[in-house]
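Down below is the structure, laid out as structure tokens.
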Amino acid sequence: MKFLDLCKVYIRSGGGGGGCVSFRREKFIEFGGPDGGDGGNGGSVWAEAVDGLNTLIDFRYQQHFFAKSGQPGMGSQRTGRSGDDIVLKVPVGTEIIDEDEETVIADLTEVGQRVLLAQGGNGGWGNLRFKSSTNRAPARANPGQPGIDRTIWLRLKLIADAGLLGLPNAGKSTFLSATSNARPKIADYPFTTLVPNLGVVGVDGKEFVIADIPGLIEGASEGRGLGDQFLAHVERCSVLLHLVDGTSSTIVKDYRTIIGELEAYGGDLALKPRITAMNKIDAMDSRQISDRRRALEKATGGKVFTISGVAGTGLMDVLRALWAEIDGARGDKVEEHAPWQP
């Protein structure tokens with residue numbers, strides 16, 4: 001299935017049906033009085049997060065969603081039928097953004113979460129509603145309220161606990177394949193990964209989700225390479241794993257390139273907890289590993305893990321470090337949502 005994480009959608013709620021002007025006409029009843037029914041309500045447009053979807057590709061082939069209008073009222077106090085609602089089924093993690101591309105209307109992060117995008121118009125009143133002590137036979141009724149036209153953007157941000165960052169060919173997909181059941185495309189050329197991949201990782205009886213996004217290059221924030229369009233998919237992550245190719249002769253420059261792109265992207269991404277790992281040590285001798293690790297630790301100001309995705313060396317240590325950050329972040333969220341007790 002093709003991956004699509006941004007699309008424009010046009011929606012319209014249904015208008016309300018008009019009220020009915022009608023009078024009761026029966027044999028032997030001279031003054032039957034008004035009996036016009038109300039119009040039906042128009043259908044509303046909703047969005048709902050559902051399980052089993054991980055792309056917005058369906059909205060490429062259908063961008064217009066118009067709910068049906070309510071039926072007009074009828075005589076004998078019969079109310080018109082209401083229009084059916086329309087529900088846009090989107091993946092969990094979808095942001096709904098207004099036409100200005102800035103205002104976030106809703107962020108659907110849980111299965112079953114719903115948001116009303118356009119309310120259907122109310123049905124008009126029939127003439128029965130206007131009967132009074134001074135007007136026994138009203139000949140007026142209300143038209144239904146019109147529906148609402150709206151243009152919105154749907155933007156998918158994958159929900160993962162940890163995000164993989166690095167230059168192209170840093171070994172991100174190999175790491176994901178070695179630590180999870182995910183099977184991303186792996187090859188020895190840049191930009192093998194063209195779309196984000198998710199993998200469920202297990203460590204010490206715990207599970208969490210890792211997102212692998214296409215590699216960044218210098219100038220990605222300005223649109224070079226695949227650009228920074230996929231960085232949105234790691235915005236929700238609790239921790240970032242920065243993989244650096246240990247066989248590169250410019251290992252410190254490679255590290256700083258990614259950090260520079262994170263800072264250029266803006267938001268809180270550059271402030272997220274980061275774990276740095278030097279990959280591909282299976283292709284290095286012990287002296288190279290020691291020298292380049294030392295240089296990288298000097299640049300990062302912290303610990304640098306040494307791993308090999310191909311040989312499986314050092315992977316569990318990195319996974320445990322990731323889990324420690326994720327577990328801490330989950331604990332903080334529980335405290336934030338805990339009800340206050342005296």
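Glycine is no exception: its Cβ is also placed from the backbone N, Cα and C atoms.
These figures come from a predicted structure and were not determined experimentally.
According to Swiss-Prot, the GTP binding site annotation covers 166-173, 191-195, 212-215, 279-282, 308-310, on the basis of sequence analysis. Per Swiss-Prot, Mg(2+) binding site is recorded for S173, T193, and the stated evidence type is sequence analysis. If you look up Swiss-Prot, you'll see 1-159 marked as domain 'Obg', on the strength of sequence analysis. Residues or ranges marked as domain 'OBG-type G' in Swiss-Prot (evidence: sequence analysis): 160-327.
Sequence features annotated in Swiss-Prot and their locations in the structure.
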residue: G166; record: GTP binding site; DSSP class: coil
residue: K172; record: GTP binding site; DSSP class: helix
residue: P214; record: GTP binding site; DSSP class: coil
residue: K280; record: GTP binding site; DSSP class: coil
residue: S308; record: GTP binding site; DSSP class: strand
S308 (GTP binding site) to S173 (Mg(2+) binding site) - Cα separation in whole Å: 12
Alpha-carbon spacing, G166 (GTP binding site) to S173 (Mg(2+) binding site), which is rounded to whole Å: 11
S308 (GTP binding site): tally of other CB atoms within 10 A of its CB: 21
Site of maximum Cβ density within 10 Å, from binding-site residues K172, K280: K172
Binding-site residues compared (N169, S173) - the one with the fewest other Cβ atoms within 10 Å: N169
C-beta crowding around P214 (GTP binding site), within 10 angstroms: 25
